[in-house]
């Protein structure tokens, strides 16, 4: 086997676009109107974060990358007060702020064209009208009108939706993730020893596991780099989480904790996530995932 073939063999299987779309549909039934990369800065963020973003209905869903099937944050923009443009010192970059009743969120795009598209779609679904002052091509404007009609229809159907249908949708959603109390996909109710064994047996699935701590409230991170295993304590303090390092780091949620380890290692640490393309080994059952979420009812 050549070196190139050997490297290819070690790469974890990439999820197919259709499967990614289907997996995301399991998290929400909201229709997809627009998607692309966005730089996002919410009040609790110290800097802009680069997310693959989907506009579904009047909600923005944020993913770590284009291949992720579980979002790490979301933003409901139905009560958008205004969208204000910001002057950017960077070339070919659009920057604007979403002013909401409880927060202001800064958005930045990689180029001015995508900035105009995001402005157009966000204003269309929140104001229920196609904005007049956007620099878009005729085909893009047609898409805005199509989205407008779909959103109007969706809202009418939502108002007529019986409560039993809403409950049924909630039950289906719980099979995949507790949306009111989400946990990172790399969280497993396993011991230190079990986490170590999982990382050693399936390195292609990732090298970082979030697990319960020695008590019922705190957590631990187990990582594997090359052949070395390390464990880090994550303490729950109020609504925040502190990583016990030489210089402790406090973050607003467990998703940010995982994100911190990924960024600090420049991507060498990856969340351990069961691959649906790999039939070897056991995949956690839906009931097991729901049960472990119930056992850890802290805000993530």
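Glycine residues also receive a Cβ, built from the backbone N, Cα and C atoms like all the rest.
Range with TrEMBL annotation region 'Disordered', chosen from 257-278, 279-300, is 279-300.
Sorting each residue of the domain 'PH' (31-127) by its DSSP state yields 16 helix, 42 strand, 39 coil.
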